[in-house]
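The block underneath contains the structure these notes are about, expressed in structure tokens.
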Amino acid sequence: MVAQSITGVETGTDTAARLAARGVTVGYGARTVIEDLDVAIPPGVITTIIGPNGCGKSTLLRTLARLLKPAGGTVVLDGEDIAGLRTRDVAKKLGLLPQAPVAPEGLTVSDLVARGRHPHQSWLRQWSSDDAAVVERALAMTGVSDLAGRAVDTLSGGQRQRVWISMTLAQGTDLLLLDEPTTYLDLAHAIDVLDLVSDLQGSGCTVVMVLHDLNLAVRYSDHLVVMRSGSILAQGHPSDVITAELLHAAFGLRARVIDDPVGDRPLIVPIGRTHVQLD
Amino acid sequence: MNGTDVKPSVAPGLRLGGVSFVWRPWLVLVTLLLAAVTFLVFCLSIGVGDFPIGLPRVLATILGRGEQVDEFVIMDLRMPRALAGVVVGIALGVSGAITQSVARNPLASPDILGITGGAGATAVFLVTASGGTAAAIVDSVGVSAAALVGGLGTGLLVYFLAWRRGIDGFRLILIGISVSAVTEAITTWLLATADIRDVARSQAWLVGSLDNRSWSEVQVALWGTLVLLAVVACVSFQFKPMHLGDDVAAGLGVRHSAVRAALLLCAVLLAGVAVSAAGPVPFVALVAPQAAMRLTRSPTPPIPASGVVGALLLTGSDLLARTALPVGLPVGVVTAAIGGPFLVHLLVRANRR
């Protein structure tokens, strides 16, 4: 398992949600984005939050990651209120990749990934042999070992995103929160990154992510959370959740949902105003 | 787990018992080399004067084995000036490295954050104002101490004006530039309306100089800088992930607002100590971190190396001002003459990228 081989620590087989929001209300200043929302993240699978622009999906993810402090309600991590935990202790359990992060010009891949060890380090213990070994494995697991000496800003978008995921892995958590990990990537690189996310889940990680592309979300998620205007419209397995009616209710999108010719999930075919022949 | 078979792709560690650090040979080598050169320039600078003293005798005196005449000239007369150059250079270099890292912008420096402008306006006000409370303040605490208060006040004003649910680099710089413009306008207005003799005295202060330093002034700057450097050293470990942005840092368990506030306060105080010891010496805080980055091949301004480069720049400029140039110029003129072109070089390079 990724988490175990990274940290060497056995993880429990608790089937209860490790991360949950209970009645959270979040906003920016006077504007409320999410109101009284409940959600539980199922363990060991990929959960994806989808919804139209401005529906609060990134806000929800950032609240789960304790980047935003809810005005009401609590976020619970392993049975404890996340607001009452030391941010350093949270960082040992929960890894986060924000949207479109930027590394300083010239920072090498291995140095960036090494920063992922920060929660496990102290002033006197800034680089132990454990740190080096974990970083090596994180680089190998994301397939970027060969790039270790390169500067992050010289890489392609897809490689760069692999490196950032590698940094999050080096943090040694089995709970990963990814905010739009495929932003700015072309379809081939997006598939490449999501296959990697799927590998991580396969080796024991619980993943929560926000995605824009609905078909990619359907293909790669085990659990979908569909949001609209700051609340949850539907959630469950993509095959159960995704219907033409739901897409219309959530996005105002007219679409046909068909069987995926290469997979066992539904496929969304949007209906626009032009180049469409309906029977 | 065995750490010795780590492949060279990941930075090797330096380990002694429970203590471990990343081992970056180039960074350490360059920093030590720069420190050695700075010490050499420091000794040469002490030797220069109406009564020239050779390098071996300077070294012997510093080590406490010199002759009595040398001892008097070096320790009593020349050491305060030379030491002031090193201390002010370190303070400005470190202050600049922190400011540029926090703002994630190479153009940020204490000069831009209002500290220099505020100190200058305060000093000129006190020098040009005739009689009354201004004269009383000058008599009791001196222009430098009053200017320090003015500079710190302006720096803190910029900080609080820039605060909006945290500190954003661009906002900090824009507000710093705006506040600096106001303080410069005040300075210009005071100089335009003042008596010509006061203007001359003000200009001497405004340009930044190491002339006529006393031991007591240097001691205050030295201890202030040492205490602040100790604080910076403690906080800087928490600062490392912040080069990756606030969200990533928060994800890695760093309380970024608190760390940023503590470091910026240190930067403001360091710049204030430097200004009170040598006046507003321009460009050192801006140039030293950028030069240190390029010399050590670091992606971010390295704090110790920036301090050393600052000391070298200031000590070297002072030596240059007193030896190579026909008239004895204040050190601020030379640092500006070197710093200006370097800033242009940075900007032109950035444009072409």
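Positions of Cβ are set from backbone N, Cα and C atoms, glycine also.
Listed in TrEMBL for this protein:
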- B:26-48: transmembrane segment (TRANSMEM)
- B:82-103: transmembrane segment (TRANSMEM)
- B:115-138: transmembrane segment (TRANSMEM)
- B:145-163: transmembrane segment (TRANSMEM)
- B:169-192: transmembrane segment (TRANSMEM)
- B:220-239: transmembrane segment (TRANSMEM)
- B:259-288: transmembrane segment (TRANSMEM)
- B:327-348: transmembrane segment (TRANSMEM)
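Cβ atoms under 8 Å from those of the transmembrane segment (B:327-348) belong to residues 85, 106, 204, 207-211, 278-284, 286-287, 290-291, 313-314, 317-318, 320-321 of the same chain, restricted to positions at least 6 beyond its ends.
Beyond its flanks by at least six residues, the transmembrane segment (B:26-48) meets 54-55, 57-59, 62, 74, 78-79, 82, 85-86, 295-298, 302, 304-305, 308-309, 311-312, 315-316, 318-319, 322-323 of its own chain at Cβ-Cβ distances under 8 Å. Remark: the transmembrane segment (B:145-163) contacts the transmembrane segment (B:259-288), by the rule of 3 or more CB pairs under 8 A.
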